[in-house]
Amino acid sequence: MSEFIAENRGANAITRPNWSAVFSVAFCVACLIIVEFLPVSLLTPMAQDLGISEGVAGQSVTVTAFVAMFASLFITQTIQATDRRYVVILFAVLLTLSCLLVSFANSFSLLLIGRACLGLALGGFWAMSASLTMRLVPPRTVPKALSVIFGAVSIALVIAAPLGSFLGELIGWRNVFNAAAAMGVLCIFWIIKSLPSLPGEPSHQKQNTFRLLQRPGVMAGMIAIFMSFAGQFAFFTYIRPVYMNLAGFGVDGLTLVLLSFGIASFVGTSLSSFILKRSVKLALAGAPFVLALSALVLTLWGSYKIVATGVAIIWGLTFALIPVGWSTWITRSLADQAEKAGSIQVAVIQLANTCGAAIGGYALDNIGLTSPLMLSGTLMLLTALLVTAKVKMKKS
């Protein structure tokens, strides 16, 4: 694959960024994220309409994450010789199909099939996002392009739940998914118009995805990714009970805190390209260290609302560096195998999200209110130490 990348770079060196293609990828990612989290705000009417409990309806989110984890691992093995342009179009079609299947679902089984289609698109698209980006812009512009994509993710995360809730009351949950299907159609046409041909890996150069873990620093990097995202979900999944019981926020106050977090995350993502240009490794070690300190501050002085609000803003600003930073690490240190590295990264993140939320919940129920914070802070500190000691970084 390294020879293939080198040959393509020599023959088709990118001198000007293709921003239209980058924004089409960003829009598609945003649509995927919005649709992934729509059931969170529409769970009650979906459950009532289908005659199931809200807990069962919630599995529509779980199945998407589960399928996405496996799709991210095996998608690049399946499509290696296929033009990536057609693969991305297929993912946009799957996004649209998923929305339509959910919209017309008259049973829980059909609902799960629709959400599984979304998982295929989500896992596959995320696995390819870093490698797609580095083939659309010159190397020096990759961090900026990645910040555009993750900026779209931040916006999607901020608007998904309130938008779904508002539209659900206005037009009904099925029409919300019909509207999402219309966004999927727009994705298809924008990608067809803007995304150039991106040849896949020749079949004679196929390599086992997991052999990448034998490279110096790669296993350490994946462990660091796991710990940082597990630390994030150990805390953020339970921000509502922590903030309402520790700091005494009401529902309205918590809403403002979450909005502040979302805005800070968007700002952090927007600024990430400037920080990563200076030092990717410093950002990947420094960000979790700041988060570890923030968790400690919240544990000790979180009963003060101004402290709790400040920590939420700092957390949003700082954590935004981590996903962009690790994607930049892949495009620089594993440029010859960016798709396969992206596959492992997405699977690790999905597993980390699940483990972090599960262990954080156990700690909250069995140890105490601040235990998710202590768990998160410990994982973030270990991440900072591991990155400093073991993660290798190539210069751009």
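Placed from the backbone N, Cα and C atoms, the Cβ positions cover glycine too.
Residues or ranges marked as topological domain 'Cytoplasmic' in Swiss-Prot (evidence: sequence analysis): 1-21 (among others).
Positions annotated as topological domain 'Periplasmic' by Swiss-Prot, on the basis of sequence analysis: 43-54 (among others). Long-range neighbours of the topological domain 'Periplasmic' (43-54) within the same chain, counting only residues 6 or more positions beyond its ends whose Cβ lies under 8 Å from a Cβ of the stretch, are 60, 105-108, 111, 168, 172-174.
Per DSSP, the secondary structure of the topological domain 'Cytoplasmic' (76-85) breaks down as 5 helix, 0 strand, 5 coil. Sequence annotations record features per position, and here Swiss-Prot assigns topological domain 'Cytoplasmic' to 76-85 (among others).
Positions annotated as topological domain 'Cytoplasmic' by Swiss-Prot: 129-147 (among others). Only residues 6 or more beyond the boundaries of the topological domain 'Cytoplasmic' (129-147), in the same chain, are considered here, and those with a CB under 8 A from a CB of the stretch are 14-19, 21-22, 25, 29, 84, 88, 196, 198, 269-270, 272-273, 276-277, 324, 327-328, 330-332, 335, 338-339, 341-342, 345, 396.
Mean pLDDT for the topological domain 'Periplasmic' (169-175) in the predicted structure: 91. If you look up Swiss-Prot, you'll see 169-175 (among others) marked as topological domain 'Periplasmic', on the strength of sequence analysis.
Annotation source Swiss-Prot lists topological domain 'Cytoplasmic' at 197-215 (among others), citing sequence analysis.
Residues 298, 302-305, 307-308, 312, 356-357, 360-361, 364, 369-370, 372-373 of the same chain, all 6+ positions outside the topological domain 'Periplasmic' (237-255), place their C-beta atoms under 8 angstroms from a C-beta of that stretch. Summarising the annotation, Swiss-Prot assigns topological domain 'Periplasmic' to 237-255 (among others) and lists sequence analysis as the type of evidence.
Here Swiss-Prot flags 277-281 (among others) as topological domain 'Cytoplasmic', drawing on sequence analysis.
The topological domain 'Cytoplasmic' annotation in Swiss-Prot covers 327-343 (among others).
Taken from Swiss-Prot, the feature topological domain 'Cytoplasmic' covers 388-396 (among others), and the record attributes it to sequence analysis.
What Swiss-Prot records for 22-42 (among others) is transmembrane segment. Long-range contacts of the transmembrane segment (22-42) within its own chain (CB-CB distance under 8 A, at least 6 residues past either end) are made by residues 57-58, 60-61, 64, 88, 91-92, 95, 98-99, 115, 118, 121-122, 125-126, 129, 132-133, 136-137, 145, 148-149, 151-153, 155-157, 159-165, 168, 173, 176-177, 180, 183-184, 186-187, 190-191, 193-195.
Outside the transmembrane segment (55-75) by six or more residues, the chain places 36-37, 39-40, 43, 46-47, 102, 108, 111-112, 115-116, 118-120, 122-124, 126-128, 209, 342-344, 346-347, 350-351, 353-354 with a CB less than 8 A from a CB of the stretch. Marked as transmembrane segment by Swiss-Prot on the basis of sequence analysis: 55-75 (among others).
Per Swiss-Prot, the feature transmembrane segment maps to 86-106 (among others). Cβ atoms under 8 Å from those of the transmembrane segment (86-106) belong to residues 25, 28, 31-32, 35, 50, 60, 79, 113-115, 117-118, 120-121, 124-125, 128, 132, 174-175, 177-178, 180-181, 184-185, 187-188, 191-192, 195, 200 of the same chain, restricted to positions at least 6 beyond its ends.
For the transmembrane segment (108-128), the list of distant contacts is 28-29, 32, 35-36, 39, 46, 50, 52, 56-57, 59-61, 63-73, 75-76, 84, 87-88, 91-92, 94-95, 97-102, 339, 342-343, 345-347, 350: same-chain residues at least six beyond its ends, Cβ to Cβ under 8 Å. The feature transmembrane segment is assigned by Swiss-Prot to 108-128 (among others).
Taken from Swiss-Prot, the feature transmembrane segment applies to 148-168 (among others), supported by sequence analysis.
The annotation transmembrane segment is assigned in Swiss-Prot to 176-196 (among others) on the grounds of sequence analysis.
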Which residues, given as numbers and ranges, are at least 6 beyond the ends of the topological domain 'Periplasmic' (169-175) yet have a Cβ under 8 Å from it? 42, 45-46, 49, 103-104
Any contact between the transmembrane segment (216-236) and the transmembrane segment (148-168)? By contact I mean 3+ C-beta pairs closer than 8 Å, pairs at least 6 apart along the chain. no
For the transmembrane segment (256-276) and the transmembrane segment (367-387), check the count of CB pairs under 8 Å (sequence separation 6 or more) and say whether it reaches 3 or more. no
Of the listed stretches 148-168, 176-196, 282-302, 306-326, the one with the highest count of C-beta pairs below 8 angstroms to the transmembrane segment (367-387) is 282-302
